[in-house]
């Protein structure tokens, strides 16, 4: 039984973000559709060749997407919302872009589809929309075309297809409500047609992704798998593919399916290999997801070998990445600024392919010398002073319950804060950032490249902060911000100023569409060598008599939007960040900053996939926030901000944060999100966002007043703040001024009654 290797998918964007540049050029009308398609062909050919050269046996085809793979599947099935359809009923790449972005070079603009997180990753997918009575048919042949492309290049191909049950699970019903699972029988004929076409092309194995099988699914959804896969069997061999968690809780459902193989994530799941081997049908292939597709760390291949060696020769076996390598940067070799020691600890997508080749060869031959050589830097890292800081570890171990408690309860603090700030009813503020103009971005870039000295850079930033204060005073806002001109990204900025993080030059990963992010990497214990935000906050406060908020990104968000260490728990990392930022709160307070905002937009999105694991996560997530904030005195007002999400199932935890004021995104839900706070009888102050900053549209005074009156029916007016939904970084100054002027006017009208 020869062991093969494969990946579940490969990054799409290109080493230099070629796909992003081609997409945005096409959207702007600066290049043709054919030029865009040519970039896609070139990237696919390059990525297949790179994987093959790195030693991958079976190449994934169908993992490439022009915007998002869930959206690609929707088009494959003919699932195009009516507002995005071409008049002649055809489907083309602009149809896809209209669904993803709301507009494209051709066709009428229409509201984009909803976007949300892909399971518990930082990748986003476009949510399929379902309406009663809709029809499905094969309308978008991208998968088949790309299989033809790869076969023509002589590759050994393994098509990748998102499975029918997971695709339905990820979608939402629009309009008249019905059970979306009832659509399953309507989409199966399209899947049958696709599998038949693949069989005609001589395809042996198809990777059919059903990550929903790692969730705690309702019984009706689990029951749907058997009839679905009964309908799909027989044309090609199916590798049922799961990831992001283990499958043991749903293994009875899985083993009843007529498939020929199962892929399991042996990195994030707690599945026992021996138990899997015992319970899987003996003629099934097991694809062992041993190499972490979601992180950047070199694998301990001697450990991975030991994990799987006992079943070698006992069943058909492949070794693989735990999930698609989409979530990893492409190539470590182009990182020239990382020092040799730190660089030796990492493996990006291409290096992970090499790891799979080494592992396959060792399992086939029994010779593990190459594995030991590869794993040597991991042993060295365990003892590196870059990783371990005894002072941080000692401080973390000394945390007591008192460290996460404010001195007094909210009611006492609120009285002290009212006496200090004397704010009017319906106080107005913004969430933190102001427009990042071309001038600001150029200033930062010139400084980063060494084209501008520190003095001139600081003078430039100070001028932009001064402008932000002048603008806010002119508008009549009550609580001001400094505008964050010095910050490129709310996580990267803090990572750059904390020990324990490193940054890459080209470590880009796709977030959605053409948006890529370059997450910081946590390599060791985290500490704050010097104050981070104090100087600019103090300067901004010196320009005005009104309170200026200090602005921090919270510990859970910094954790969730970084590549974490694997040698300590996420809880440990979050609490180390919390302790570092606790010192920042104390220093801001000492500098005269009386209102400090600690943003936690990622608190909810960091939830584990299984609800049974939520309590433990929320307990340490809340504790980390409180450690960060609890050093503040009674008359220092702590704010937090959370982006658009469902709050009702975590209201206990939101209240437990004990922030004096929480600002939330609510305008898109027409204040309906406040229902959770009303039902819970949330005791502290709330700033429900009164307009959507993602749109350039300027809300009218009447619109904002109406929303605030609606909010006051749910939350007592004396506990309401008036603010936009989110930061204003991506907006231009003209619409920002106009929208904020109307917001301030609406608040003033309500004060007059």
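Here the Cβ of each residue, glycine as well, is placed from N, Cα and C on the backbone.
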From candidates 167, 169, 205, 561, Swiss-Prot puts in the same 5-methyltetrahydropteroyltri-L-glutamate site as 17, 18, 19, 20, 117, 515, 516, 605 the residue 561
Listed co-binder of Zn(2+) (same site as 641, 643, 726, source Swiss-Prot) among 623, 665, 705: 665
Have a look through 473, 484, 646 and flag the one Swiss-Prot assigns to the L-homocysteine site that 431, 432, 433, 599 belong to. 484
Spatial neighbours of residue 641 (Zn(2+) binding site) among the binding-site residues 17, 431, 599, 605 [C-alpha, 10 Å]: 431, 599
Quick one, of the recorded positions 117, 641, 694, which Cβ has the fewest other Cβ within 10 Å? 694
Give the distance between the Cα atoms of residue 17 (5-methyltetrahydropteroyltri-L-glutamate binding site) and residue 694 (active site, proton donor), rounded to the nearest whole Å. 24
Using C-alpha positions only, work out which of the recorded positions 19, 117, 605, 694, 726 is nearest to residue 484 (L-methionine binding site). 726
Nearest of the recorded positions (599, 694, 726) to residue 19 (5-methyltetrahydropteroyltri-L-glutamate binding site) - Cα to Cα: 694
Want to know which recorded positions, from 117, 516, 605, 643, 694, 726, are within 10 Å of residue 431 (L-methionine binding site) at Cα; which are they? 726
From the Cα of residue 726 (Zn(2+) binding site) across to the Cα of residue 694 (active site, proton donor), what is the distance in angstrom? 8
